[in-house]
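Q: Have a look at this one.
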Amino acid sequence: MNSVRAANRRPRRVSRPRPVQQQQQQPPQQPPPQPPQQQPPPQPPQQPPQQQPPPPPQQQPPPPPPPPPPPPQDRNNAGERDDVPADMVAEESGPGAQNSPYQLRRKTLLPKRTACPTKSSMEGASTSTTENFGHRAKRARVSGKSQDLSAAPAEQYLQEKLPDEVVLKIFSYLLEQDLCRAACVCKRFSELANDPILWKRLYMEVFEYTRPMMHPEPGKFYQINPEEYEHPNPWKESFQQLYKGAHVKPGFAEHFYSNPARYKGRENMLYYDTIEDALGGVQEAHFDGLIFVHSGIYTDEWIYIESPITMIGAAPGKVADKVIIENTRDSTFVFMEGSEDAYVGYMTIRFNPDDKSAQHHNAHHCLEITVNCSPIIDHCIIRSTCTVGSAVCVSGQGACPTIKHCNISDCENVGLYITDHAQGIYEDNEISNNALAGIWVKNHGNPIIRRNHIHHGRDVGVFTFDHGMGYFESCNIHRNRIAGFEVKAYANPTVVRCEIHHGQTGGIYVHEKGRGQFIENKIYANNFAGVWITSNSDPTIRGNSIFNGNQGGVYIFGDGRGLIEGNDIYGNALAGIQIRTNSCPIVRHNKIHDGQHGGIYVHEKGQGVIEENEVYSNTLAGVWVTTGSTPVLRRNRIHSGKQVGVYFYDNGHGVLEDNDIYNHMYSGVQIRTGSNPKIRRNKIWGGQNGGILVYNSGLGCIEDNEIFDNAMAGVWIKTDSNPTLRRNKIHDGRDGGICIFNGGRGLLEENDIFRNAQAGVLISTNSHPVLRKNRIFDGFAAGIEITNHATATLEGNQIFNNRFGGLFLASGVNVTMKDNKIMNNQDAIEKAVSRGQCLYKISSYTSYPMHDFYRCHTCNTTDRNAICVNCIKKCHQGHDVEFIRHDRFFCDCGAGTLSNPCTLAGEPTHDTDTLYDSAPPIESNTLQHN
């Protein structure tokens, strides 16, 4: 459609007559300069007029030759022009220490001289291989007789005695081809004619650039700093590369063509007043298609490019700021089929319609690139004030431009729009402050976008949708009003090594069945989640750093899926990964750490496979599972948290298997309020509040775990909880093995409980568990203790080799027992009593023996004070004493806390005045964090 519209609306081009071609038809007595290979053979030294481009009179050697005919006004007073930089005027006296040893001195006469410069001296002259510079062919060697002849006086004076400053002044009036011919005269002229100051002045008069513009190959232009360039004369080198071209310079064409003698030798330069004329002229003249657009504002020209032309701005300073092409009615530039190798660079391109909201402008753009063309757009500033459409539109099969170093900013619509199977390479562009997305990719568009700076957009940074694709690498995307990168409706981009940060909402937003691969990016400091995945989307998030977000790291909700793998997620204000509302991602091999909230938060029926992650040093729980969620957590390392390792609450379910859970400030695992997870084959150790805590009607199937080295009980069961524990090894705890109290229940079956500091199993306060086929042995206190009106069913248990004894039942406890084996226990309590020792000797802050304890009315002790039977017999003999009960206790007499000293105990110990039961665990409170 675009091609048809362009063909119908394109005006007829009429090229201007070119006086240069007329000059070539003049009589042969004034032919233009010929290329080097067509020059006549060099003449002997006694014929100086044929060797020098501006030959002086033969009879007046002392004065310099008269200048050529007066140049036009812009060349008058070439040494004092206002538009020539001051450093050129200051250095025009000669090459100085740069290029020549000739400083304010004259050459002495030489008896002999060669007929032409040496090969080394030619290196300073023209090095171009093009026919545009009229170099003489290398001189042939002259005979010895010719070398013995004396040079003519004028030639000697010009070549050997005239000061460098005077020669440079003469050379300053020459054009480029004359300078190249002068460089062929002798070594001294070669050095002076290649003076960079001469070429800089000449270069700026033609091209206006204040820095050399290099053009080493088609489609490649770049400016350099002359001081840093390896070539001794970059101005001349650039002149050679840019020599053959057309110049759009309004007002100058008439002057140029009306002074053919003044510009003799510049047949390879064409001048036009408009870009349209230049486009037609270079095609009719069979030029290479190089067009220089000089400083100015060019308005409402119809620029439809359907040939491989090269169009570049030419201006001093920042070139693109001073060459402005604008259209108010139609697309400013349209590239059509046939413009495969076209180049447009170093200019400002604007689309500025009068009615900025008109719908018919929806198809109008600053740049429009259509099917089967691959132009290069380089170093351009692109602006559009139209509120519909886009600034740059690339559409159609075979549309494959290269857009690089451009600034697409401050547009009232989309910055760059790639659609309908278009491709292309887009590198090093600045895309900012656009009203809509910085980049749209739609309908199978598949660009390669590298190192672009996409920021401060008033919408999303990059938006791929409706099957849009693309490869985005090393882009900096930040401070956009919506997400930095949005993927929607089956779009499938690849985003690699980009920085996506400081978004006013999120970093990456994938929704409505979006896909995509996000690999090795840095995603940080976004106001919402670093990555959002929702509504059946299934992206791959691999190897990214996602950190310091004002909310969470990765947020998956609304049936979202995706692979979250190998990421480093840390320092976020909310959960590192959040999974909710039936979402089911795969989360593996990530590091989730140092968050201000939890590590992984699964809620509202969230699912997912969470495996082989390392979750550590988070402020709240390492993993939260709640409100009907059923994730599978497998082979993770969850450690060093400031609260719980894994926390199931409010009907949280799921599978927790083969994990290492260790070194948490609270319990390794907590289960409460109807939660019923399957916890199996885990290693749970180093918890400051115990291994597993099941409370507030918690459930759970806890099987084949190893629970050890916890500061408190290996497993706590309390407050109407009813879990099942099978085949676990619970050992080496710094408190009891399993503590059940406050109405706790549960089935404990086939567990090995050994080497714990307190009772292997402590049952207290109205609890009623079932213990079946357990082995409880090698404990540092009792095997099983039942107290505080608790009951239990004990069937087929083996209780042996425990220090205090096998089974201890407090007063008022009724137990159902069947087929238990209680054997070979050390019975340290009975032995201490039989030896008359105070039971304080065998107790400690973590180990309370169960025996008869008393109070002494004579010593005014209270119910909170307990005295062992031996202290009653020895220390309180004859006192009014009262038997309290048979229970776990700590002898206050032996501890030295009563008024009378104990005669059986050793050093007194400060009494904590606590109840004689295991210290209660710390329960997590989640309400304030939900």
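Just so it is clear, glycine is given a Cβ too, placed from its N, Cα and C backbone atoms.
So Swiss-Prot says this about it:
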type: COMPBIAS; residues: 7-16; note: compositional bias 'Basic residues'
type: COMPBIAS; residues: 17-27; note: compositional bias 'Low complexity'
type: REGION; residues: 1-150; note: region 'Disordered'
type: REPEAT; residues: 398-420; note: repeat 'PbH1 1'
type: REPEAT; residues: 444-466; note: repeat 'PbH1 3'
type: REPEAT; residues: 467-489; note: repeat 'PbH1 4'
type: REPEAT; residues: 490-512; note: repeat 'PbH1 5'
type: REPEAT; residues: 513-535; note: repeat 'PbH1 6'
type: REPEAT; residues: 559-581; note: repeat 'PbH1 8'
type: REPEAT; residues: 582-604; note: repeat 'PbH1 9'
type: REPEAT; residues: 605-627; note: repeat 'PbH1 10'
type: REPEAT; residues: 628-650; note: repeat 'PbH1 11'
type: REPEAT; residues: 743-765; note: repeat 'PbH1 16'
type: REPEAT; residues: 766-788; note: repeat 'PbH1 17'
type: REPEAT; residues: 812-833; note: repeat 'PbH1 19'
Q: Would you kindly list the residues that approach the repeat 'PbH1 3' (444-466) from elsewhere in its chain, counting only those six or more residues past its ends and only Cβ-Cβ distances under 8 Å?
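A: Distal contacts: 394, 415, 418-438, 472-493, 500, 503, 509, 514, 516.
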Q: Mind checking which residues of the chain, 6+ beyond the ends of the repeat 'PbH1 17' (766-788), have their Cβ under 8 Å from one of its Cβ atoms?
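A: Distal contacts: 717-718, 736-737, 740-760, 794-810, 813, 815, 822, 825, 847-850, 887-888, 917.
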Q: Run through the repeat 'PbH1 6' (513-535) and tell me, per DSSP, how many residues are helix, strand and coil.
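A: In the repeat 'PbH1 6' (513-535), the DSSP-based counts are 0 helix, 10 strand, 13 coil.
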Q: Summarise the repeat 'PbH1 11' (628-650) by DSSP state, stating how many residues are helix, strand and coil.
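A: In the repeat 'PbH1 11' (628-650), the DSSP-based counts are 0 helix, 10 strand, 13 coil.
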Q: For the repeat 'PbH1 5' (490-512), what are the same-chain contacts with Cβ under 8 Å, counting residues 6+ beyond its ends?
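A: For the repeat 'PbH1 5' (490-512), the far contacts come to 441, 460-462, 464-484, 518-537, 539, 541, 546, 549, 555, 558, 560, 562.
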Q: Quick test of the contact rule: Cβ under 8 Å, at least six residues beyond the ends. What residues does that give for the repeat 'PbH1 10' (605-627)?
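A: For the repeat 'PbH1 10' (605-627), the sequence-distant neighbours (Cβ-Cβ under 8 Å, at least 6 residues beyond its ends) are 556, 575-576, 579-599, 633-654, 661, 664, 670, 675, 677, 924, 926, 929.
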Q: Looking only at the repeat 'PbH1 1' (398-420), what is the mean pLDDT?
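A: Taking every residue in the repeat 'PbH1 1' (398-420) and averaging pLDDT yields 97.
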